[in-house]
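Q: Have a look at this one before I ask anything.
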Protein chains: 4
Amino acid sequence: MQEECGVAGISFKENSNNAAASLYCALFALQHRGQESAGISIYDGTTTRTKKGMGLVPQAFRKNDINELSSAVGIGHVRYSTTGDSSIENAQPLVINYKDGILSLAHNGNLVNSQELRSGLEAEQRIFHSDSDTEVIAQLFIKELSKKDIISSIKEMVRMLVGSYAILMLIGDRVIAFRDPLGIKPLCIGKLEGGYIIASESCAIDVVGGTCIRDVKPGELVILKNGAMEARQLYNSKHSAHCIFEHIYFARADSILDSKLTYQSRIRVGETLYDEHPVNADIAFPVPDSGTTFAIGYAHRSGIQYLEGLIKNRYSGRTFIMPGQNMREAAVRLKLNTIKQNIKGKSVVIVDDSIVRGTTSRRIVDMVRAAGAREVHVRIGSPPIIAPCYLGINMPTRHELIASDKTIRTIEALINADSLRYISLEGLIKSIGIPAEDFCTGCFTGVYPVEIPGEQCTRAQLKITEF
Amino acid sequence: MQEECGVAGISFKENSNNAAASLYCALFALQHRGQESAGISIYDGTTTRTKKGMGLVPQAFRKNDINELSSAVGIGHVRYSTTGDSSIENAQPLVINYKDGILSLAHNGNLVNSQELRSGLEAEQRIFHSDSDTEVIAQLFIKELSKKDIISSIKEMVRMLVGSYAILMLIGDRVIAFRDPLGIKPLCIGKLEGGYIIASESCAIDVVGGTCIRDVKPGELVILKNGAMEARQLYNSKHSAHCIFEHIYFARADSILDSKLTYQSRIRVGETLYDEHPVNADIAFPVPDSGTTFAIGYAHRSGIQYLEGLIKNRYSGRTFIMPGQNMREAAVRLKLNTIKQNIKGKSVVIVDDSIVRGTTSRRIVDMVRAAGAREVHVRIGSPPIIAPCYLGINMPTRHELIASDKTIRTIEALINADSLRYISLEGLIKSIGIPAEDFCTGCFTGVYPVEIPGEQCTRAQLKITEF
Amino acid sequence: MQEECGVAGISFKENSNNAAASLYCALFALQHRGQESAGISIYDGTTTRTKKGMGLVPQAFRKNDINELSSAVGIGHVRYSTTGDSSIENAQPLVINYKDGILSLAHNGNLVNSQELRSGLEAEQRIFHSDSDTEVIAQLFIKELSKKDIISSIKEMVRMLVGSYAILMLIGDRVIAFRDPLGIKPLCIGKLEGGYIIASESCAIDVVGGTCIRDVKPGELVILKNGAMEARQLYNSKHSAHCIFEHIYFARADSILDSKLTYQSRIRVGETLYDEHPVNADIAFPVPDSGTTFAIGYAHRSGIQYLEGLIKNRYSGRTFIMPGQNMREAAVRLKLNTIKQNIKGKSVVIVDDSIVRGTTSRRIVDMVRAAGAREVHVRIGSPPIIAPCYLGINMPTRHELIASDKTIRTIEALINADSLRYISLEGLIKSIGIPAEDFCTGCFTGVYPVEIPGEQCTRAQLKITEF
Amino acid sequence: MQEECGVAGISFKENSNNAAASLYCALFALQHRGQESAGISIYDGTTTRTKKGMGLVPQAFRKNDINELSSAVGIGHVRYSTTGDSSIENAQPLVINYKDGILSLAHNGNLVNSQELRSGLEAEQRIFHSDSDTEVIAQLFIKELSKKDIISSIKEMVRMLVGSYAILMLIGDRVIAFRDPLGIKPLCIGKLEGGYIIASESCAIDVVGGTCIRDVKPGELVILKNGAMEARQLYNSKHSAHCIFEHIYFARADSILDSKLTYQSRIRVGETLYDEHPVNADIAFPVPDSGTTFAIGYAHRSGIQYLEGLIKNRYSGRTFIMPGQNMREAAVRLKLNTIKQNIKGKSVVIVDDSIVRGTTSRRIVDMVRAAGAREVHVRIGSPPIIAPCYLGINMPTRHELIASDKTIRTIEALINADSLRYISLEGLIKSIGIPAEDFCTGCFTGVYPVEIPGEQCTRAQLKITEF
């Protein structure tokens, strides 16, 4: 079950009771990573208590929930399931009773071998309450924990897991964080007054007044207890496989991922995009909000005036239900409107982060033409997406990806643009400033950093060794 | 009862059944004008039927509500009450049974003499179900309607009303629109395939695929019936009193108000603001979203790089409930985060639309300084707000307005800026391009276009005459 | 709009704050009179405040609603609309703003000339927010109140109203109660410690620990203020027209109506029923719960063993939604089950209060036969219902009433009973112990105490005179 | 976790789609066994699908839920948790994914050794999502199932379980029912047209038009498949240990438990109660509804007139929230009212099923005295409750049971009765007509049929042997 999620864990010194309120804020800052459900588990000195709810963070928790979770330590999760299975039973953290107490677990990522692991566990007469990867991880961990200590159990678990995972566990008064050995999903550490926070993105550290000190390293285990931090490198890999799509699209612009400020990467992508694909035009503008930073960079480098041609309705969201059959075509107009006076008679550059299916791009180009644009040039801040993601980003099947079987010229014609250009993979990687060998670029290349049945995995260099 | 609202009315040719679905979209486009409740009334050929609900448009109407309101004609309303009285009973359109049928009425604006009018009606043993201006207007209208035709009744009603009002009425199969003789609140007309739409802003016309053809003129009555339009000038005034704050802040950037595109006005305000108050700085950025267009204009004119220093959480809204006492100071951080790398060591210009109480401005300057800015210059796209609004914009009392009794130098010090500059009123008016005599600038000058007890009203030139 | 309702009003001495909590309990005791919505208005010393909600009393008010309505005086209402129009806008008390303040009004009954009165008011340019009788009453009253004092206004209003009405008004700190001159709908007075209560039934007095002292007399006005009571006879009628159906079915068994304990009346009806229509049988049992008291009386008089043959599911209510098409016939089984062992091989008497459409009776007889009864005798505690009610009891149209055009023998055959007998009207009236001339028996005779277009009204003796 | 529950399972021939609708009705008939949550699992030919919800059956399922569960086979559950832990996660049936598919399990009863079993499973690194007995049962079963077939797995499981359990499982298209070897909790079998139903009580069979053919025998396994039934005796015990409290209080009066009609048992208890403890009185009446059938029997045998003295508000339930502090004493009045006229000046017998804490009994006697009773005699249809229940009936602790440490004379004085008499245990058992050796009478004797730490278990005769 493919899921996009956000996780956070906090530990203050014992006498604090701020963990839940801080986690609430942290989850609010990570809201873009999951809007379907939210949950917080805390340890109150005696037991682990958990509140979960459906919807955005302010809806998921009732007024008193946070106050009732008074504690110095806890973890939280926001979830967006990409399957239809949106119910409170699937909300995280997953809470499990086992021999020695309660385990609460929050997971961001996607396992490739979930089904195999599950079959193995089921063969041992273990039962599952859901079909989530998270329950598989929890079962594996508990199974090992009966034989070993926490660190050895995680080590053993890692040997079995194939895929991406940034995991936070609450066991008694300890927060235990682990990032997969290739560092596919982000996880970073912040220093707070009297404690530490670990979260999917640094914006969650900022919101609680903390300072982002570093990323959790790929293969690293970090334990928070009583407001102190202890780290241990469990696995090593010569190279990483950071998800490049986090930098381009998924992470917030104000987040720092793997030491790179997303905003700056995107500005540079916009600049490189102009260097690679210049055009003479009167104005440049983004598809808001995903293309905004790219467009600012493109305009800045080119000297073309940055003047918005598309305005986004701030109230449009996923929950909109369109009444009436013959109004279906209005859907894109409900989200975006053109500013005709800015566009009319002009040659325009529309900048966006990526093209997935191409249907929205076509509608936008048509709207801009209808607003009177003389020429419409489309510039995209990532290479063509030719292959699906198996590691945590919600994407359609290969068949639905417009670039999986079409040339750029064909797509240009299909979306009705005067010109369509994508940044090169090299240009993109250079703009972010992380070595090419340390990225997962599966969606742009079809080559993945882990073994996926039926897909290529040439990156043999990604040998993971025990530290 | 001061209210900010949005209104829309649509009439198609008889055989259509699209009015409710189109109104739903139009209200969605006007959502920024009111988020508390929404309602739609339609005439189904036999009777007037109405659905209202609390919350945003998608929450206010259930899945089948719109389909059940199948019709060729109707009106709608979104409401944001500025008082605490937020209940379904106050949702509009107001529906009234009278001798000859049903009147549905939607109103945007604020009456200054509501209490006097009400007392007069009560002296005639009339009863009221609410304390809203809208019910006063409805009662006055019905009273006249028993003696006169619709047009004469509106004429008579206008003689009595003091304040701002853009009114839409549904009487049987007719939509009747009227804009106050000074044109304080906006109202514009759009042509649709097979019909017409009248709405508070042109963005509501765009969303249903229509073309904005013109504003409803101050003092003009427009009647839609069976997809056709008929207009009649009831009152004349040498000058208008358009609300200038609609252009600066309240209306959407893609709306055209009184023939002026809001986006363009705001770009020009940003440009003029630089002309009036230049500064040497490394980057310029807005307080998002209210200052964005101003900042783009300011950066463009100045040549200073436009690079965002503040990122807004797209999920922050009015409904956020802050848990915990000691986290109260985090409130602004939940909404805005700084991009430190863009700011650090730099001299920055922060551009916003206006300063009301000054408390948020101070917090923002402090955040930007904490992110390492070397110098912080604040530029405001409107003159100091020194007086309250009585005509439909929700503002605090005079006492709470920071500029009501303080000099710009004092405010500069209070918000901790290296420099604070406001655009001049002349610069603002010139940027919009409407003659100064045609604006209400009460909030900037303390002089109002209508008689308000205890306030100045020197604009004797605003004589309204019957056409 | 036909409505069944319950009303209550309470006044304590000034320093009390118990009115709302007591009204809450009183409405709970009157819940059987209306389950759709509930409301309470109180006067807090400064203004009138009201809370209303949909559903049963515990659902209609939130936890804090009652505490927030702290007060010494107030009125309340429970409503069951018989039309489909079930919405919060129609919940009572109806609250109206008029010249001199706020009127809150709660009404139980039904006007026959509502439409004419309304037309007259509309001709005077008055507007209506609903199509309820209650709003007509309120408008008439307010209209008179502008010219006269409260007592004269009620006098004048009574001259105009045709129908049944038990009215409670809250005007400032006074509760004003009035019962129609024929006393059709019940209303009684209770003494409390430090105050008085007026309510539709005495069970509402008991629940708050009060003592029922007497009925409000037909045509009598009662005013409660500061915990004291003042009464004044406004109208006189030689005879009354108490609704006989309240005694048989609608009122609770523990209520005293017009000095008669409902329970005792029903026991005597059961006894008389046996005297009039004896039968040899093994056991007698009721259709629960409506027939229970009648059956106890029948069994007692006859010496036939009282042994239940039908058990009612305590959770069956109006809100049950039956899934599936082919399970429709199960509906009666969901509500009632037979106790086969009690019935098998026996001759049984089933006692019920009345037969309306006859469809349920048929299903019950069939169930009892299926359970093995040898003989099934049906005894009914009221005469055949041959005509509709226009005065406040929800009944189907004449056409749907099985006895409107069929003989008892025919009905006996239709419901598949070995014998069917109804009590005589004389027997019924004698059992209750109120003179025949003081009852409305319209549903049994087709002759009504007020003029109803198209119906008989021979009771010329019901001349109402001013006191 | 002590739970009172109701279970039902249905299998029709393959081409039917009525299972869910029939289960909905069956659960509705079992509503008295659990009001907190309800759930239905069906097998649709491909997979097992489940819907659960909070509240009564009509609230727990939305309009379309049942239609969407179209199927020929399924199981259902209603639950009333006696702990505070009322949440959707604990609603049953419990659904579990295991190696070979999906297991859905519904359980009524209570395990005594749940914690030990759980510890054993946890020692094998198994994890738990809840602290319910049901999950323990499911884990044990799945564990065995990996090594054996279904029947052997149940056999093995039974060896381990100590306590009461009536279990329904849905595995693919089979419904598997098992009743514990002592038959503590009820479970019976009904024949339907084209299928079978198994349910906690026979009233659930009646409601779907079925015929109760027999009980599931203690220690018997019953499998339903494709509308056919197959039974197999797995365990034998010379004697049973049927819960006697089901007959007295918990089961519906129209249910047949272990071949005994509850209604008839209760009538006979009333009769025996008179034989053992006669009294001269004017009237006899029950505490409704629990005492009704007993009172009818008592009155019948004694010849004392059956005339109700207490009326129950049909809308009183568990959800009532009492506003106000000083109204707390009104709580019993909200539920019960006296009929003074029936009581005044009379010597009365109040009949109830049992006395638990004694507080309600005192309030009732006081109410009846306040209504003017000359003498108040209390007669109880069960012996004094002196010990808690560990096997599925929600009872307070020993300390709270008024009879655990007080004589009948003392209780008589405490509840303010002129006389208080309980039926003897022998009288009770004789009235029901099941041999004493086949009952669990732990609550009356403190001697239990299974080993409970710290309690007596002299019934060594309850040796369970494999069949």
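Think of each number as a place in line: the chain as shown, counted from 1.
Here the Cβ of each residue, glycine as well, is placed from N, Cα and C on the backbone.
According to TrEMBL:
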ACT_SITE  A:Cys5  active site, nucleophile
BINDING   A:Cys243, A:Cys389, A:Cys440, A:Cys443  [4Fe-4S] cluster binding site
BINDING   A:Ser290, A:Asp352, A:Asp353  Mg(2+) binding site
DOMAIN    A:5-227  domain 'Glutamine amidotransferase type-2'
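Thinking about packing and proximity, how do these listed features fit into the structure?
A: Counted within 10 Å of its Cβ, the other Cβ atoms near A:Cys5 (active site, nucleophile) come to 25, all protein chains included. In three-state terms derived from DSSP, A:Cys5 (active site, nucleophile) belongs to an extended strand segment.
In sequence order, A:Phe245, A:Met395, A:Gly442, A:Cys443 constitute the residues six or more apart from A:Cys389 ([4Fe-4S] cluster binding site) in its chain with CB-CB distances below 8 Å.
A:Asp353 (Mg(2+) binding site) is surrounded by 22 other CB atoms, counting those within 10 A of its CB over all protein chains shown.
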Q: If you count Cβ atoms within 10 Å of the Cβ of A:Asp352 (Mg(2+) binding site), leaving out that atom itself, what do you get?
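A: A count of 22.
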Q: May I ask which residues of the same chain, at least 6 positions away in sequence, place their Cβ under 8 angstroms from the Cβ of A:Cys440 ([4Fe-4S] cluster binding site)?
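A: In sequence order, A:Leu182, A:Ile184, A:Ala241, A:His242, A:Cys243, A:Ile244, A:Leu391, A:Tyr448, A:Pro449 meet the Cβ cut-off.
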Q: Quick one: which residues besides A:Ser290, A:Asp352, A:Asp353 have a Cβ within 8 Å of the Mg(2+) site's Cβ centroid, in sequence order?
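A: Same chain, not in A:Ser290, A:Asp352, A:Asp353, Cβ within 8 Å: A:Tyr249, A:Pro286, A:Val287, A:Gly291, A:Phe294, A:Val351, A:Ser354, A:Ile380, A:Gly381.
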Q: Within 10 Å of each Cβ, count the other Cβ atoms and name the one among the binding-site residues A:Cys243, A:Ser290 with the highest count.
A: A:Cys243
Q: Under a three-state reading of DSSP, tell me whether A:Asp352 (Mg(2+) binding site) is helix, strand or coil.
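A: A:Asp352 (Mg(2+) binding site) sits in a strand per DSSP.
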Q: Compute the C-alpha separation of A:Ser290 (Mg(2+) binding site) from A:Cys5 (active site, nucleophile), stating it in Å without decimals.
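A: The Cα atom of A:Ser290 (Mg(2+) binding site) is 18 Å away from the Cα atom of A:Cys5 (active site, nucleophile).
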Q: Quick one: Cα separation, A:Asp353 (Mg(2+) binding site) versus A:Cys5 (active site, nucleophile), in Å?
A: 20
Q: For the recorded [4Fe-4S] cluster site, enumerate neighbouring residues of the same chain (Cβ within 8 Å of the Cβ centroid of A:Cys243, A:Cys389, A:Cys440, A:Cys443, site residues themselves excluded), in sequence order.
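A: What remains near the Cβ centre is A:Ile184, A:Ile244, A:Phe245, A:Leu391, A:Gly392, A:Ile393, A:Thr441, A:Gly442, A:Tyr448.
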Q: Across the domain 'Glutamine amidotransferase type-2' (A:5-227), what does the mean pLDDT come to, as a whole number?
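A: Mean per-residue confidence for the domain 'Glutamine amidotransferase type-2' (A:5-227): 93 out of 100.
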Q: Distance check, please: Cα of A:Cys5 (active site, nucleophile) against Cα of A:Asp352 (Mg(2+) binding site), rounded to an integer number of angstrom.
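A: Cα of A:Cys5 (active site, nucleophile) to Cα of A:Asp352 (Mg(2+) binding site) measures 23 Å after rounding.
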Q: Take the Cβ of A:Cys443 ([4Fe-4S] cluster binding site) and count every other Cβ within 10 Å, whichever protein chain it belongs to.
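A: I get 27 for this one.
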